Amino acid sequence: MTSVAKVYYSQTTQTESRPLVAPGIRRRRVLTKDGRSNVRMEHIADKRFLYLKDLWTTFIDMQWRYKLLLFSATFAGTWFLFGVVWYLVAVAHGDLLELGPPANHTPCVVQVHTLTGAFLFSLESQTTIGYGFRYISEECPLAIVLLIAQLVLTTILEIFITGTFLAKIARPKKRAETIRFSQHAVVASHNGKPCLMIRVANMRKSLLIGCQVTGKLLQTHQTKEGENIRLNQVNVTFQVDTASDSPFLILPLTFYHVVDETSPLKDLPLRSGEGDFELVLILSGTVESTSATCQVRTSYLPEEILWGYEFTPAISLSASGKYIADFSLFDQVVKVASPSGLRDSTVRYGDPEKLKLEESLREQAEKEGSALSVRISNV
């Protein structure tokens, strides 16, 4: 038996200026390659009010540059706001020098005679610097109440800000960035069956506990009633060579989906790389060090699924007995024999009325015993 010549296929890295789509094909994907949503929400009533009602999530999801700008402005704003209040207290009590206080006058706040001095006293009190040059006296009970109110309110504000910063830093999203999916999916024979395969790797030494990979096939679907579902979701199951539901992701693993008669992919044009569907992959697991749930996502368009290829082995053994995962080979594939037992299907797109007419004519031809093939142009 003649062996199949192996030809290495180097993957192309996706960028915004060079997407992984063929020229002339409109880029349409629900999920980007790095797992971000590609959906734009429009015409949401009271959207800003809804975001303000959930301030915690809003601040955590906020980008760092806006978060730092907002919180810096918040601190400076509270210093200035309470500085103005302290200045008004000094005006009401007659502490300003231009008001001509008597020689034995005891001010509410010593050495606060201007708005600048009031601002500095507010800053020193809120940050607990306490230089000692400006201090509150026992003359004004209102000033004592104001100082307590400022410290309580600003302490709550600092707790909220510190909490959002820590929550944003500790999010498992950053851990998810060290989980890598292969740029392409491949279709080849595995254990005598045609399989769609993807490769996943953990680039940290700390493990993910209870890993599970699930898939969602997104495509336009027409019901028997003629209703068009724009993004119909169908589950696509993946497994490793073992029967375990929780693979040991210490080395790069290849996950398989058997494309048989029960597979939702059996009628898709996988060989041609054409069609109107998207395969979304989701890996879920628990971070070993923090026990937080981590989820990694990616998606594959038809042109990102390679027919008749398999992944190049990326695991080797060193002279010292250590296993080596070579990530320079992670995205490389090798040409193999085309998988057998899988028909090259085509998916029809176009006007639903034309598709209905095609189907009815085809059924009629089958009843009449005719081998006539019917196809209506979408022009």
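Cβ from N, Cα, C; glycine included.
These features come from Swiss-Prot:
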type: BINDING; residues: G210, C211, Q212, V213, T214, G215, K216, L217; note: ATP binding site
type: DISULFID; residues: C108-C140; note: disulfide bond
type: INTRAMEM; residues: 115-131; note: intramembrane segment
type: MOTIF; residues: 128-133; note: motif 'Selectivity filter'
type: TOPO_DOM; residues: 1-61; note: topological domain 'Cytoplasmic'
type: TOPO_DOM; residues: 89-114; note: topological domain 'Extracellular'
type: TOPO_DOM; residues: 132-140; note: topological domain 'Extracellular'
type: TOPO_DOM; residues: 167-379; note: topological domain 'Cytoplasmic'
type: TRANSMEM; residues: 62-88; note: transmembrane segment
type: TRANSMEM; residues: 141-166; note: transmembrane segment
*So among the recorded positions C140, C211, L217, who's got the most Cβ atoms within 10 Å?*
C211
*Mind checking how the topological domain 'Extracellular' (89-114) divides into helix, strand and coil residues in DSSP?*
8 helix, 2 strand, 16 coil
*Could you tell me the mean pLDDT over the topological domain 'Cytoplasmic' (167-379), as a whole number?*
80
*asked:* Treating G and I as helix alongside H, and B as strand alongside E, what does DSSP give for the motif 'Selectivity filter' (128-133) in helix, strand and coil?
replied: 0 helix, 0 strand, 6 coil
*May I ask for the residues of the chain that lie six or more residues beyond the topological domain 'Extracellular' (89-114) and have a Cβ under 8 Å from a Cβ within it?*
121, 133-137, 139-140, 142-143, 146
_As a test of the contact definition, list every same-chain residue at least 6 positions from V213 (ATP binding site) whose Cβ is closer than 8 Å to its Cβ._
I198, V200, F238, P247, F255, L281, I282, L283
*Which bits of the chain, at least 6 residues beyond where the topological domain 'Extracellular' (132-140) starts or stops, bring a Cβ under 8 A of a Cβ in it?*
89, 93, 106-112, 117, 120-121, 124, 147
_Counting only residues 6 or more past its boundaries, what in the same chain has a CB within less than 8 Å of a CB in the transmembrane segment (141-166)?_
56, 59-60, 67, 71, 74, 78, 82, 85-86, 89, 108-109, 122, 125-126
*Would you mind pulling the DSSP three-state label for C140 (disulfide bond)?*
coil
*Check the binding-site residues G210, G215 for other C-beta atoms within 10 angstroms of each C-beta and report the one with the most.*
G215
_Helix, strand or coil for K216 (ATP binding site)? Use DSSP._
strand
*Which residues does C108 (disulfide bond) neighbour through Cβ under 8 Å, counting only same-chain ones at least six apart?*
V89, A90, H93, D95, I136, S137, E139, C140, L142, A143
